[in-house]
Amino acid sequence: MTYVVTDNCIACKYTDCVEVCPVDCFYEGENTLVIHPDECIDCGVCEPECPADAIRPDTEPGMEDWVEFNRTYASQWPVITIKKDPMPDHKKYDGETGKREKYFSPNPGTGD
């Protein structure tokens, strides 16, 4: 099992989760984070840290797409281990559905 970052992180990008990860498996895009599913050790410490409830176990129904999404972008984006401020309008987007289709950017973030 692994954990994956899902839709609600997009356009919010809280980074509370990255500082608690013992294996540094979070990667930063321009407006979201992802977890490298092959590096995640399934410890679960990141899940309760996410204010947007965007981190889910891959065993939940419908997570297959998110596993591949996370794997794809983790191989392209820089690692992030230090907490940063969320996106400027994060409160506006938190909880909105369909954010991947509306707002996702494939551009990398800056990393640490």
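Glycine too: its Cβ is placed from the backbone N, Cα and C atoms.
DSSP classifies CYS17 ([3Fe-4S] cluster binding site) as coil under the three-state reduction. The [3Fe-4S] cluster binding site annotation in Swiss-Prot covers CYS9, CYS17, CYS50 and rests on similarity to another entry.
The 10 Å shell around the Cβ of CYS43 ([4Fe-4S] cluster binding site) contains 12 further Cβ atoms across the protein chains shown. Residues annotated as [4Fe-4S] cluster binding site in Swiss-Prot: CYS21, CYS40, CYS43, CYS46.
Here Swiss-Prot flags 85-103 as compositional bias 'Basic and acidic residues'. Helix, strand and coil content of the compositional bias 'Basic and acidic residues' (85-103), in residues and according to DSSP, is 9 helix, 0 strand, 10 coil.
The domain '4Fe-4S ferredoxin-type 1' annotation in Swiss-Prot covers 2-30. Beyond the domain '4Fe-4S ferredoxin-type 1' (2-30), the same-chain residues lying 6 or more positions past its ends with a Cβ under 8 Å from any Cβ of the stretch are 36-47, 49-58, 63, 66-67, 69-70, 73-74, 76-84, 86-87, 89-90, 93-100, 103-111.
Here Swiss-Prot flags 31-60 as domain '4Fe-4S ferredoxin-type 2', drawing on sequence analysis. Residues 1-18, 20-25, 66-67, 69-71, 73-75, 77, 80, 87, 94-95, 103-105 of the same chain, all 6+ positions outside the domain '4Fe-4S ferredoxin-type 2' (31-60), place their C-beta atoms under 8 angstroms from a C-beta of that stretch.
Per Swiss-Prot, the feature region 'Disordered' maps to 85-112.
Counting other CB atoms no more than 10 Å from each candidate's CB, the binding-site residues CYS9, CYS21, CYS40, CYS50 peak at CYS9. The distance from the Cα of CYS9 ([3Fe-4S] cluster binding site) to the Cα of CYS43 ([4Fe-4S] cluster binding site) comes to 20 Å. Using a 10 Å radius centred on the Cβ of CYS17 ([3Fe-4S] cluster binding site) and all shown protein chains, the other Cβ atoms total 25. Distance between Cα atoms for CYS46 ([4Fe-4S] cluster binding site) and CYS17 ([3Fe-4S] cluster binding site): 5 Å, as a whole number. The number of other Cβ atoms within 10 Å of the Cβ belonging to CYS46 ([4Fe-4S] cluster binding site), over all protein chains shown, comes to 22.
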